[in-house]
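A.B. asks: A single structure is presented below for examination.
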Amino acid sequence: MNTSGDPAQIGPEGCRGTMSAEEDARWLRWVTQQFKTIAGEDGEISLQEFKSALHVKESFFAERFFALFDSDRSGTITLQELQEALALLIHGSPMDKLKFLFQVYDIDGSGSIDPDELRTVLQSCLRESAISLPDEKLDQLTLALFESADTDGNGAITFEELRDELQRFPGVMENLTIRAAIFIASTSCSVCRINSRAASWLMAPAPHPRPHRPRQLTRAYWHNHRSQLFCLAAYAGLHVLLFALAAAHRHLGASVMVAKGCGQCLNFDCSFIAVLMLRRCLTWLRATWLAQVLPLDQNIQFHQLMGYVVVGLSLVHTVAHIVNFALQAQAEASPFQFWELLLTTRPGIGWVHGSASPTGVALLLLLLLMFICSSSCVRRSGHFEVFYWTHLSYLLMWLLLIFHGPNFWKWLLVPGILFFLEKAIGLAVSRMAAVCIMEVNLLPSKVTHLLIKRPPFFHYRPGDYLYLNIPTIARYEWHPFTISSAPEQKDTIWLHIRSQGQWTNRLYESFKVSDPLGCGSKRLSRSVTMRKSQRLSKGSRILLENHQFCNIKCYIDGPYGTPTRRIFASEHAVLIGAGIGITPFASILQSIMYRHQKRKHTCPNCQHSWIKGVQDNMKLQKVDFIWINRDQRSFEWFVSLLTKLEMDQAQETQHDRFLELHMYMTSALGKNDMKAIGLQMALDLLANKEKKDSITGLQTRTQPGRPDWSKVFQKVAAEKKGKVQVFFCGSPALAKVLKGHCEKFSFRFFQENF
């Protein structure tokens, strides 16, 4: 949306009632312009136009705002009424702004807020924050806030009582004072709000500022990227050396020198590029000291980089040969024409029947096809199979390269042996014995929870992932998924799979049908279960409908290591999961608590507890787990696990807790938004009373909105529990934000990749 010309440049101080005359005039002109855009030809804003412009989920707040702005009760808002209301809210005192809030809550205008009015407001707050709670819980929230505010016990909340109640919550009165009310109305073509963080009382919380972007090659940047920079420097130096050695033939001409130099570099790149995808070898390397030196976590990024380099060098190599062929064809002594040199074996160029030219053309076409089909627009647009099958042409490329270049087979010998050994071992292990899916749970947001029978030979570490093949879904497709169960869980392997592509959607939909594939062999048992479910409550019946026992054959390949293996060598680990990004941390958290309980000993007489060293290679002193979800239902994926983790620490004080949980719900509005002030206060009061959160049922209070990462990392740094390492699994956009903050605080940052 275009905000040019709006008064965003006024600054926060201008919204605290200290606007200069010039700024005030600019602001009034801007309000007038936006009013005309929304009001149209009649010069007045109707309730429907106000609702459309306000973009609130719940019409209650739009109607209350409209009623308060419409001072003459004419049913429309004039420009003068709008300017007067905004002037009061911007230039008025804190009490003026608080009175506006009170009038929003005082629906009948009686001068006090009764329990039914408060319940109506809180119900609208819940809808505005996309929170669903039963009526009984809503009643409890209403009574908690009402009883706390109604200090004289007369059955109504006065303005003074609401003011006193707000003052009990740190930051609320401050936000009401600083975040002056600005008329938020936007249409598809314009914005009617001031984009200042200090001017957002009536509007949704302002976007976070841009993350800290450190200067390149600063101490913090080097601290987080030294292994990558070292490998990039070594990679570039090796290419310069190979090019120089191969191009040392001045008598052959410049074009031949360039072609030979690029060809030698391509010998290395086309053979070594496969080594970067040897997952078993990389998993083995993670357990050695080389994991501290080599950037094993960036293997995919280096693989992609080498792919770009191969394409670039191939194009230069081809152009150099074309120039050389053109010069040869123009020579009087040349017996061959240009097209013969380029496309046929007649000139005898190459070590296998003169096949260098035609194989070179075939290689270039095949390489360009792979390059195009590997682009993100193909892979992420529901055409993964195109990427997968065209990428398998690397075998044909290697064969053509052997015929094309006389020395390529020497470069390919060692990487090729490693590659085919890994593939052979993986194929043998995965097909040695089929395993079966024993249970399926369909969770909110189209997440499929699979319980797979664990093979006796399958040994993995927390945070590892595997490749899964289900022939009934797709016979030849293998997809990577993080293992969400702990290694200490001996009988089953857990996978939580979110439906985001064709294969995952087919998996979810196959279990939604009444008789999914492979689940029909025990119809009698299922019939008994169905009869029992008829005698259960509604919630229990829904649970059974989404839970199925089955016996579906599948194959697994793995396990493979990830950056999260470093967690146990950390001193203070910060685990950040966004949405389904919690899956690697589910396994890790279970294993961490298992090891922590194993190290903890308690005296049976005095109940004194202490930590005794155990040979488990775990250096952890503190773990902070941060889970960010868009909506309420997403917390249901692992709420039982998190509840168990909290119970394991029930006897410890808040200061001594080894694991600290932090929950954030981005769709919920915070205390700095007028549409949620009452709700968040009620949630705090009820959480303190019941010792559990009303949204998740955990002891940890779910925070509304997104984390303030500066404050989060400041708190982590202040705890001084040892060197901090941050592990993240989620969207790339959030990864960039976190990476910038980590470099600011000199924290090591690791991101989960496949």
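Cβ atoms here come from the backbone N, Cα and C positions, even for glycine.
Sharing the features that TrEMBL gives for it:
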| type | residues | note |
| --- | --- | --- |
| DOMAIN | 57-92 | domain 'EF-hand' |
| DOMAIN | 93-128 | domain 'EF-hand' |
| DOMAIN | 137-172 | domain 'EF-hand' |
| TRANSMEM | 229-248 | transmembrane segment |
| TRANSMEM | 254-278 | transmembrane segment |
| TRANSMEM | 305-329 | transmembrane segment |
| TRANSMEM | 349-374 | transmembrane segment |
| TRANSMEM | 386-404 | transmembrane segment |
| DOMAIN | 430-566 | domain 'FAD-binding FR-type' |
| TRANSMEM | 573-594 | transmembrane segment |
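Mind running through what each feature is packed against?
C.D. replies: On the 0 to 100 pLDDT scale, the model's mean across the domain 'EF-hand' (57-92) is 80.
Outside the domain 'EF-hand' (137-172) by six or more residues, the chain places 95, 98-99, 101-102, 105, 111-115, 118-119, 122-123, 126, 671, 677-679, 681-686, 689, 694 with a CB less than 8 A from a CB of the stretch.
Within its own chain, the transmembrane segment (305-329) has Cβ neighbours under 8 Å at 239, 253, 255-256, 258-259, 262-263, 265-266, 269-270, 272-273, 276, 336-338, 341-342, 357, 360, 363-364, 367-368, 371, 374, counting only residues six or more beyond its boundaries.
Within the same chain, residues 307, 310-311, 314-315, 318, 321, 341-343, 386-387, 390-391, 393-394, 396-397, 400-401, 403-406 sit at least 6 positions outside the transmembrane segment (349-374) and bring their C-beta atoms closer than 8 Å to a C-beta of that stretch.
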A.B. asks: By a Cβ-Cβ criterion of under 8 Å, what residues six or more beyond either terminus of the transmembrane segment (386-404) are in contact with it?
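C.D. replies: Contacts of the transmembrane segment (386-404) (Cβ under 8 Å, skipping residues fewer than 6 from its ends): 270, 274, 350, 352, 355-356, 359-360, 362-363, 366-367, 369-370, 373-374, 378-379, 412, 416, 477.
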A.B. asks: I need to check the long-range neighbours of the transmembrane segment (229-248): which residues 6 or more away from its ends have a CB within less than 8 Å of a CB in the stretch?
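C.D. replies: For the transmembrane segment (229-248), the list is 222, 257-258, 260-265, 267-268, 294-295, 302, 309.
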